[in-house]
Amino acid sequence: MALSSTAATTSSKLKLSNPPSLSHTFTASASASVSNSTSFRPKLTLTRLSSSFLNPSTILHLTPSQRTNRPSSSPFTVRAARGKFERKKPHLNIGTIGHVDHGKTTLTAALTMALACLGNSAPKKYDEIDAAPEERARGITINTATVEYETETRHYAHVDCPGHADYVKNMITGAAQMDGAILVVSGADGPMPQTKEHILLAKQVGVPSVVVFLNKQDQVDDEELLELVELEVRELLSSYEFPGDDIPIVSGSALLALEALMANPTLKRGNNQWVDKIYQLMDEVDKYIPIPQRQTELPFLLAIEDVFSITXRGTVATGRIERGLVKVGDVVDLVGLRETRNTTVTGVEMFQKILDDAMAGDNVGLLLRGIQKIDIQRGMVLAKPGTITPHSKFSAIVYVLKKEEGGRHSPFFAGYRPQFYMRTTDVTGKVTSIMNDKDEESKMVMPGDRVKIVVELIVPVAIEQGMRFAIREGGKTVGAGVIGAIIE
């Protein structure tokens with residue numbers, strides 16, 4: 001994901017740039033280039049952070065050998081942000097999806113910098129979003145990273161989803177949190193394999209609305225070619241049951257907008273054609289993606305996405321609240337993968353700000369009393385006591401993808417053992433029986449079939465009737481289903 005040769009020198013004091021729910025590895029470099037070149041990138045000691053649950057100041061040191069290459073030998077200081085989160089605007093979770101190298105992270109950086117001009121976000125450079133060293137080295141995003149920004153009418157948490165095929169697992173987690181998505185497609189290349197897979201996954205995990213950004217417009221000389229790409233994108237979205245003809249499509253160049261904003265961070269609307277495209281995109285997002293109805297009246301449930309251990313404070317679980325409310329002092333159950341146990345919430349935080357209570361749709365970190373890091377893992381859920389139980393056997397209605405949709409080329413039979421992706425977990429399961437539309441036992445399932453199956457998972461997971469899941473095998477999605485009944 002080559003961006004620019006413009007080097008952005010990080011200041012000697014960095015604030016934490018990410019909320020507790022994102023990937024936990026933070027790095028910084030003394031001269032962190034925004035390019036994908038092999039320029040010097042010193043790696044800091046990798047440290048797991050979760051902002052205001054930390055001591056007020058956490059120091060990250062460069063190793064002595066790395067320090068010699070730097071202009072100054074002073075260590076970076078990462079300070080925890082403080083303060084309260086105030087709900088002045090509706091909160092939405094959106095994200096960038098699309099093929100690797102089409103410009104998702106560049107667009108995310110351009111969005112935060114453009115909205116920072118209006119005083120509505122903290123600007124994030126490209127390399128602050130693509131934070132982990134292996135991502136920066138390969139120029140690709142692996143873990144989903146989250147930033148926040150505001151428009152005039154809304155507050156957004158923005159997930160930058162990976163486009164690299166190896167890391168679709170993390171993209172599923174990111175997509176499962178979205179109220180809407182910005183699909184980034186290179187105007188020069190058109191839709192590519194991961195473009196299709198991301199649209200399919202967005203449909204499977206229930207992303208309700210999509211807005212399209214046709215990137216790299218500056219690289220397309222022929223206006224007709226851009227129109228053909230737009231037509232192709234609309235047809236592709238329609239083929240996955242999105243309203244392709246109605247979806248807003250904005251074309252522009254995230255890179256030229258980002259470079260303009262880095263050269264002049266005070267650029268306002270009307271001063272630069274490429275920056276104006278970024279504002280136009282957010283206008284469309286504000287108009288087209290509806291404010292979701294949050295299920296605040298239902299019992300609390302949060303699927304754990306990541307876990308941090310903070311010395312002298314305890315263990316923090318992060319994730320998006322699926323339903324209900326939670327506040328400090330609430331007792332919650334820890335369900336799935338292991339024996340159910342309960343704990344008390346001793347801290348609630350979102351985007352480095354303390355919350356009195358958190359509600360459905362919020363990306364939060366919850367500090368838990370008496371829980372060790374080894375007791376808790378991604379894929380478990382935190383829930384109101386007694387409202388959800390772990391199960392390992394269920395029946396489901398499943399659609400098996402055709403070869404043309406990226407699915408299997410051959411049928412599968414009873415005894416098939418793929419991976420089942422549910423909320424933030426993936427667990428191996430065995431298909432023990434297959435029934436056709438008439439509830440008659442069937443021997444095999446062909447790509448393109450819609451069948452009823454019974455599944456036995458190798459470990460119990462917190463599941464419910466009506467829950468959606470994806471079936472994956474060998475690095476690709478082969479099916480999607482809905483749980484019909486819990487058996488045991």
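If you go along the chain as it appears here, the first residue is 1 and each next one adds 1.
Note that Cβ sites are derived from N, Cα and C of the backbone, with glycine treated the same way.
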66-73, 98-105, 266-273, 402-409 - the range that Swiss-Prot marks as region 'G1':
98-105
Which one of these stretches, 24-28, 139-143, 289-293, shows up in Swiss-Prot as region 'G2'?
139-143
Summary of DSSP states over the region 'G1' (98-105), given as helix, strand and coil counts:
2 helix, 1 strand, 5 coil
When the pLDDT values for the region 'G4' (215-218) are averaged, what is the result?
92
